[in-house]
Structure formats: C-alpha cells, structure tokens
Amino acid sequence: MLLVNTIRENFELVLEGLQKRNLANAEATLHEVLELDKKRKETQTERDSLQAESNAISKQIGLLMREGKKEEAEHIKTRTGEIKEQIKVLEESYNTYEADLRQLLYTLPNVPHHSVPKGKSADDNEIVLTHGEIPELPASKKPHWELIKDYDIIDFDLGVKITGAGFPVYKGRGARLQRALINFFLDEALKAGYMEVQPPILVNEDSGYGTGQLPDKEGQMYEATMDKLYLIPTAEVPITNIYRDVILDERAFPIKNVGYTPCFRREAGSWGAHVRGLNRLHQFDKVEIVQIVHPDNSYEALEEMSAYVQSLLQKLELPYRVLRLCGGDMGFTSALTYDMEVFSAAQERWLEVSSVSNFENYQANRLKLRYKGEDKKTQLAHTLNGSALALPRIVASILENNQTEDGIRMPQVLVPYLGFEWI
RNA sequence: AGAGAGGUGUCCGAGUGGUUGAAGGAGCACGCCUGGAAAGCGUGUAUACCCCUAAAGGGUAUCGAGGGUUCGAAUCCCUUCCUCUCUGCCA
C-alpha cells in the first residue's frame, strides 16, 4: 500500500510511475486520495477536541463526586449529552473517510523503480542478459510431457484420478529428482546465509492482506471456507507474514529466510496452448527466499538475490536469461522485478522459473513491518522475495535439455542428492 | 470436542468504575559514582493518528480483538480469537 505522505510529497513522481503501469485515471485517483486524507484529518481534529472536552468534563465530575457535590455533578452531566451526539456523528464520518481512503489505496499498485521500462505486455520486457549454450538435441527429441511417460516418472492421469488436472503424481526417479532439487536448493540457500523456515501452508485472511493477495485476488487461491483459511500460492505469504506487525532492531538486518513449501494456485482462466505438462500446475513445489532489509540497501539486496538465483541455474547447467519486467507486466506490489527464464530445448521456449522482486515499503506498509534505528525513529522496512527456485519448469528443462538416445543425464551437482546419474 | 482458568507495556507482575499510558520489579539506554567493573544513585524507556512546529509542546486512541452499558471502563455486560489445566480423540 502506498503511503499518503509519499503521494503528497512526490505527487509527480508517483503519477509518472503509475502511468508507467498504464493505470487508468491515475491522476484523478491520486487527487481523490489527498482529498479524502484531508477530510479525514479535519474530521479527526474536530472529533479529538470534542473528545478532549468530554474527557475533561468527566474528570471534573469525578472530582465533584469525590467532594460530595452531587448536584453540581448532575448539572454538568447535561452538557455532555450534546457533545456525545456530535462526537458520534464525527466518528461515523471519520470511519467512512478512512475506509474509503483505504479502499482507494488498495487499488493503487506500487510505484515502479526508475529503471523499469515502459511497456504494456511481456513483449516489452527488457532482456538484461542471456547465459549458457542452447543444447543441440537429437532428432528424436521430445517435449517433457512425452519423456515423463516414456520413463514413467511423472503421472498426470493418476493425479486426475486422485485429485484433478494439474496435480501430478511424481514416481520413482521423478519423485527422487523432486526431493533432490528441494534439498539442493535449501542447502545452497543455507550456504548463502539464509535461515531455513518451515511455515504453515494454510494462512488466514490477515496474512492474505499483509502480502497483497487480498483483496481482489481470492480467486487465485484455494480456500478452506469452513475455517476461512487459504492454501498459499507461494511461501512468500507465510514467510513474509512472520514479520507482520513487528518492529525490528536495525541491527537485525539483513533478515534472510528460505523456505520450501508446496504452492497452490487455482489458475482460473489461464489455461491455453502453452500450458501443457509441467508448464502450469495447480500444485507445485518451490523454494522461496525472502529478505527484509534497511531501505538504503534494498536494491543491493535485489542484485544479490538475482545473482544468487543465477548461480543456481548455472550449477544446474541450464541456459537462462534475465528479464527486467516492464511496467505493464510487473506484479501489483513490486517496484522492480527480474524474471529468470530457462530455455527448454524441446519445446524451444523460455520458461519463467524465478521472479525476484523488491517491494520497497509497499508490503511493509500493509504488514506494519518496521524497524528502529539509532535515531530511535520507527520506519518501514523494505521487503524482497524471489523463487530459488520453482521446481516444475526446472524439471521440464532438465528433462528436455539433457535427453539423449540412451536416457536423460542428470546435472552433476544433483548426483550426490540423487544417487543416480541417468534416468 | 466437553469442563475450568486466564489473556495488562521488552519481560515478570499489581490493579473490579473516577487525574491509570497504567503501581512495583527486571531488563535496556544515558548520566553520576569507580583506576576499571559490579553494586548503588538519578533520569529515561510503547505504538498509531491529529494539532502546532525550527525545536519544544499539546490532543485522541490503544490493557488479545470487536461491540455495548456509563458523564467516565484495564475494571461491568455481550460476541469472538488465543493460551493453559483436566477429560475425550488422535498422527
């Protein structure tokens, strides 16, 4: 959530930023925010002074009662009646202003970093770099959805039987590959200084609001309606919410957490020609990294996270590219996002396997995640997160890129985790 | 799931309607004391919003959350969440 103060003090910058996201009516909305905030303040000032008067009278009554001057006390009481009426009216309009303001702020996405390119869709994303050789595959090359059948390692039909489409069953070496990747990712993160956490994979409403899945995106999440809980779409939700309503000591920075969780996404209406096999699932595994840092260091942290994710891809010997997302393609809450895409050589497509974002204080504002520095002032922290990594597309590209006439070669770095070199 | 107890500031802990943002203690910070430290003494030690601001200062709200009674609520009533103990069930 954007800060009203930021909007007031940097109106032009905020406006420019929102326009980069192609937000309709940005200027009018920002003016409305300031107007509502002004009314809110005026109402509060009025309400508070009446409340102060009322409190003073009550105090006086207390004193009179103690002195036994009952009649005088009764007399003063009559004055409080009308004050209370007025307070009630003001209170109501204050609440309305505040609710409207909040409602409006929820509709405003984060202001993009100045380096974010303009653009409307994924086509306008900027390719920052491309790394690695695209493998030459035998003429008999197959996409992963055929390979998994040939080698009987991932079974979509079984998943349909048990649950439904998009819930595959991993079997044998397929299951072991999953487990190896999870362990590899977690171990690497530990080496990079992250603390491992195992959060719940069901979250409550407050957590949904904290990281911005709610309101408006409940359609993306599976909901346990009886208990009003949501299955997480990403570990970002529970891990970042660990720090909801927290005031950190500045010395605790940087906070680096890593967690493995399954992720659940309804993906309503997003199925099409390009989502065969492992390209899009309702349930998938992901290792997520989260950092909470001092505002001065968040872009440094973003670069560090980007480099870290790239190091994983390099170790897995996968060709990849890094994109800087344009204003039109960036997530609602992000200020700057790098997407990492691996080349899956049989599909001949780039697949997004990680998205690393700096949210600056946008999430922190909703989360009330603050820190206290040497000057004893409490200020909003900056939050970042990234996938490191999402498994299914990594699996897809490993299978496709490493296929040979004799089987599928596993990346060397995974062999100690797998206990085998070939599928 | 049933019965009971309870949720107060960083922590422990008092407080059953009237200058209570909240006694007392611990911790922490700063200062004094000391050769240095401990002890001791002193001062300070929440958050949000608003007013006024150069600074200082002032106001409102917050004692799990929400609502109610009252001139006035940490204290009374209702709803709800959570924790603990016992019983039941169970990986």
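Positions of Cβ are set from backbone N, Cα and C atoms, glycine also.
On a predicted model such as this, the values are computed, not experimentally measured, just so you know.
Look at A:Glu288 (L-serine binding site): DSSP puts it in a strand. Per TrEMBL, L-serine binding site is recorded for A:Thr234, A:Arg265, A:Glu288, A:Asn385.
TrEMBL lists A:Arg265, A:Arg266, A:Glu267, A:Glu352, A:Val353, A:Ser354, A:Ser355 with the feature ATP binding site. Counting every protein chain shown, 19 other Cβ atoms lie within 10 Å of the Cβ of A:Arg265 (L-serine binding site).
The coiled coil annotation in TrEMBL covers A:33-60. Averaged over the coiled coil (A:33-60), the predicted model reaches a pLDDT of 91.
Taken from TrEMBL, the feature domain 'Aminoacyl-transfer RNA synthetases class-II family profile' applies to A:176-416.
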Checklist entry - Whole-number Å distance between the CA of A:Thr234 (L-serine binding site) and the CA of A:Ser354 (ATP binding site)? => result 12
Checklist entry - What Cα-Cα separation, expressed in whole Å, is found between A:Arg266 (ATP binding site) and A:Asn385 (L-serine binding site)? => result 21
Checklist entry - Can you check what DSSP calls A:Thr234 (L-serine binding site), collapsed to helix, strand or coil? => result coil
Checklist entry - Which whole-number value in Å describes the distance between the Cα atoms of A:Arg265 (L-serine binding site) and A:Ser355 (ATP binding site)? => result 16
Checklist entry - Whole-number Å distance between the CA of A:Glu288 (L-serine binding site) and the CA of A:Ser354 (ATP binding site)? => result 9
Checklist outcome for this item: Between the C-alpha atoms of A:Val353 (ATP binding site) and A:Asn385 (L-serine binding site), the distance in angstrom, to the nearest integer, is 14
